[in-house]
Structure formats: C-alpha cells, structure tokens
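Per TrEMBL, active site, cysteine persulfide intermediate is recorded for 250. Annotation comment: TrEMBL describes 103, 134 as heme c 1 binding site. Summarising the annotation, TrEMBL assigns heme c 2 binding site to 203, 206, 207, 250. The substrate binding site annotation in TrEMBL covers 246. What TrEMBL lists as domain 'Cytochrome c' is 84-171, 187-279. Residues or ranges marked as signal peptide by TrEMBL: 1-16.
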C-alpha cells in the first residue's frame with residue numbers, strides 16, 4: 001500500500017507544477033546550464049545541506065540513518081572486497097601475459113576518469129565495461145570473462161579496489177565539443193525523466209520530486225551524489241553492487257523488463273548523473289542499508 005501512496009503522491013506533485021517548474025527539455029544544447037538548474041532544484045528545497053555533503057546520500061538528510069552508517073563503518077564490509085580486488089589487479093594476467101593496467105592505465109586515480117565519452121566509437125564508457133572489454137579484446141571467452149555471471153564477483157572487487165584508489169579526488173566528467181557527446185548526456189537526461197513500468201515511475205519521481213521522503217523503511221536519495229560511492233555494499237542484500245547493476249535493479253522495481261547490462265541506456269544515464277556530480281569527492285566503495 002505504501003507504493004500505491006507514493007504513486008498517488010507523484011501524480012499530485014506533477015499536476016501541482018513539479019514538472020512545469022522544471023522542464024527537462026530546457027537547455028538541450030547546454031549541459032552545463034542544465035546541470036546548474038538541476039542542482040539548484042535541490043539547493044532550494046534543501047538549503048540546510050551543503051553541496052559537498054551530497055556524496056554521502058541520504059545520510060546527509062537523516063540523522064538516524066547516519067548514526068547507523070557510522071556503526072556499520074566500525075567494521076566496513078567493503079574492506080574485504082578492496083583486498084580481493086587489489087590482489088586481482090596485481091596478479092591477474094590477460095592471455096597475452098599483460099596486466100589489466102595495460103588496457104586502462106594505473107590504478108591511482110583511474111576511477112576518477114570515468115565515465116567518459118570516447119570520440120573513437122562515439123559511445124560512453126564506464127570503468128567496469130572497459131575492464132570487461134580489456135579481457136574480451138585480449139581473447140578471453142565471453143563466458144569466462146567478468147561479464148559473465150560467475151565473473152561478476154571478481155569484477156566488482158576490482159571496481160571496489162579502484163574506487164578506493166580515487167578516494168578524495170573530485171568527480172570531473174567532461175562533455176567534449178562533440179554533438180554525439182551532448183546527445184549522450186541528453187539521452188541520459190531523458191532516461192532520468194522517463195516514466196516506465198507498470199508503476200509508471202521515473203527516476204525523477206522518486207529521487208527528485210519525492211527525494212528524502214520514505215518508502216517502506218528506506219529514505220529516497222536525491223539526484224545529486226549518485227555516482228561518487230559506487231560500487232556500494234548493501235547490507236540488506238549482503239552484496240556489492242556496481243552502478244550498472246543498481247540501475248538495472250531500479251528499473252526492475254518499477255515492474256518493467258530491464259535493459260541488458262551495460263546498455264547505452266544505463267551508460268548514458270551514468271554519464272548524465274556523473275556530470276551532475278562534478279565537484280563532489282569520490283568516496284567509494286560505499287555502504288548502504
């Protein structure tokens with residue numbers, strides 16, 4: 001019944017002027033101006049929260065949740081993933097005998113470079129997909145690569161280690177002067193505002209117009225700070241999640257058929273959200289309930 005109440009509230013918000021006061025079609029050729037307006041939406045609604053605190057998500061808004069977070073961080077479960085990922089990063093070799101760094105570069109600061117728009121193929125790349133493609137291009141069979149279900153735990157562990165190697169660095173996503181890059185940003189923006197599934201919900205419905213409200217036992221996070229802490233360990237699932245996997249789960253929660261992993265829809269949405277997060281400190285791998 002709570003989800004029904006949320007849907008009713010969403011409809012009321014939209015009809016009351018939520019969408020009319022913030023038009024997602026504004027500034028389609030000016031991502032910087034749109035990002036400024038997007039952030040201002042939250043600054044005006046939550047003036048008590050400074051920009052640099054958005055990277056801790058709902059913990060910046062909920063004192064009880066923050067207290068629980070501090071308790072959980074006494075023995076952070078992410079550390080096991082970081083240790084495993086570090087060993088894999090140092091020991092793993094591709095079929096050609098080369099390390100992963102031969103494809104993606106050194107570990108220090110690597111996570112801070114993602115996501116990015118690649119002018120060679122005209123697509124957005126994220127860290128996990130580049131790691132997978134590193135394997136595939138070197139001749140690792142797909143069903144033995146980290147794209148496979150059995151390879152996911154290794155992938156997310158390496159991702160966790162690389163996130164830890166960029167802690168404290170600032171998100172600095174660039175949109176080059178390329179119409180394809182602007183289109184990728186706008187496609188990600190369209191994903192954010194697109195209603196989907198049997199519940200007819202968009203990302204914006206939950207995380208913009210109802211941000212910080214509660215559904216079941218969870219507080220809905222905002223549209224700022226979504227990318228800084230990934231991958232994240234979720235206590236409720238006892239698993240580490242990449243952002244791509246979490247976005248897929250969000251789509252499933254709206255009762256729709258999710259896109260395939262690392263589809264352009266998820267990559268463009270990550271590009272959009274990361275650009276919104278510019279200037280925030282990377283603090284992954286994160287921890288959530």
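Including glycine, each Cβ sits where the backbone N, Cα and C put it.
Location within the structure of each feature annotated in TrEMBL.
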{"residue": "103", "record": "heme c 1 binding site", "Cβ neighbours (10 Å)": "15"}
{"residue": "134", "record": "heme c 1 binding site", "Cβ neighbours (10 Å)": "20"}
{"residue": "203", "record": "heme c 2 binding site", "Cβ neighbours (10 Å)": "22"}
{"residue": "206", "record": "heme c 2 binding site", "Cβ neighbours (10 Å)": "21"}
{"residue": "207", "record": "heme c 2 binding site", "Cβ neighbours (10 Å)": "19"}
{"residue": "246", "record": "substrate binding site", "Cβ neighbours (10 Å)": "17"}
{"residue": "250", "record": "active site, cysteine persulfide intermediate", "Cβ neighbours (10 Å)": "18"}
Beyond the site residues 203, 206, 207, 250: chain residues whose C-beta lies within 8 Å of the centroid, for heme c 2: 192, 201, 202, 204, 205, 208, 220
Max CA-CA distance, Å, over listed heme c 2-binding residues 203, 206, 207, 250: 11
By Cα-Cα distance, the member of recorded positions 103, 134, 246, 250 nearest residue 207 (heme c 2 binding site): 250
Cα-proximity to the residue listed as 'active site, cysteine persulfide intermediate', 10 Å cut-off, over binding-site residues 103, 134, 203: 203
For the domain 'Cytochrome c' (84-171), the mean pLDDT of the predicted model: 98
Residue 134 (heme c 1 binding site) in three-state DSSP notation: helix
By Cα-Cα distance, the member of binding-site residues 103, 134, 246 nearest residue 206 (heme c 2 binding site): 246
